[in-house]
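Copied from TrEMBL, the annotated features are:
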type	residues	note
TRANSMEM	26-47	transmembrane segment
TRANSMEM	62-81	transmembrane segment
TRANSMEM	110-135	transmembrane segment
TRANSMEM	147-170	transmembrane segment
TRANSMEM	191-214	transmembrane segment
TRANSMEM	234-252	transmembrane segment
Amino acid sequence: MLHLLKLYGLHIFYFIKADSQYKANFISGIFANFYTYVLMYLSIWILTHRFPTIAGWNYQELVFLMALNLFSYAVATTVLWKHYALLEEHINNGNFDKFLIRPLAPLVNLLFHGFDWTGSGQIVASGIFLGISLWKLGLDWTAHKVGVLLVCLAGGILIQAGAMIIFPALSFWLKKSRNLGEVLFFTLRNFINYPLSIFGGGVAFILTYLLPWGFINYYPALYILNKPGEQSGFYLYTPLVGLLLFLLSLGLTNRGIARYKGVGS
């Protein structure tokens, strides 16, 4: 494991070194993602400027809720975006064969080639807003609550990473699965930028029990922000859901690799 982590670190180092030779493109890619996130937070400010609270959530609480989602996504997409975006293409045009003949296991090779340095702009932007919201909220922090925040952030990253591995892996069976991911992950995940309580019970059910995106931020936020309700204990499931979804995504990808026979089959 340590050997793989070292190799991955070297891969990222040389990848960034190569891309940074084109400095204008390198910097603009990072700042484009940074400003995209800033605009998303600005939309929350505009909304709460007109409506001071939404279902009992004020501006800083909504920023915290969004930041939990966007920070965990930023970490996952930095590591896995190219894997998500390109695996379907690799499978359908035969380029996936090259991953089968390299020294490392195919799954490891796939994940090594998922890194996207432009995501660092998203990490910085979401990290800044997460920090500002925590400072402005003035919460009464305990060791337990700090631990919950860190563990739930890790769980949220695993959930988002698992989704970004599962949906492209379906291309081993469906050939075209990216559109499915765009709808079930990217589109529906936008709902969790707002409290699930403002939507109908059907949406909350789907984003809890069918597609567990609500565990990324909503349920941890209920506990951390001391929001009352019978679901305030659901945050405990975030790390478990994240671990299970991530392991499922790796298992599904390995199953797909095992059945892959090339484009001519």
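Glycine too: its Cβ is placed from the backbone N, Cα and C atoms.
Annotations in TrEMBL come from automatic prediction, not curation.
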Exercise for review: Would you kindly list the residues that approach the transmembrane segment (26-47) from elsewhere in its chain, counting only those six or more residues past its ends and only Cβ-Cβ distances under 8 Å?
Suggested key: 19-20, 54, 59, 62-63, 66, 70, 74, 117-122, 124-126, 129, 193
Check your understanding: the transmembrane segment (147-170) and the transmembrane segment (62-81): do they have three or more Cβ pairs under 8 Å, with pairs 6 or more apart in sequence?
Key -> yes
Point to revise | Same-chain residues near the transmembrane segment (147-170), Cβ under 8 Å, at least 6 residues beyond its ends | key: 68-69, 71-73, 75-77, 79-81, 83-84, 87-88, 177-178, 180-181, 184-185, 212-213, 215-217, 220, 223-224, 235, 238-243, 245-246, 248-250, 252-253, 256
Review point. Hey, which bits of the same chain come close to the transmembrane segment (234-252), Cβ under 8 Å, at least six residues off its ends?
Key: 107, 148, 151-152, 154-159, 161-163, 165-166, 169-170, 208, 212, 214-216, 219-220, 222-224
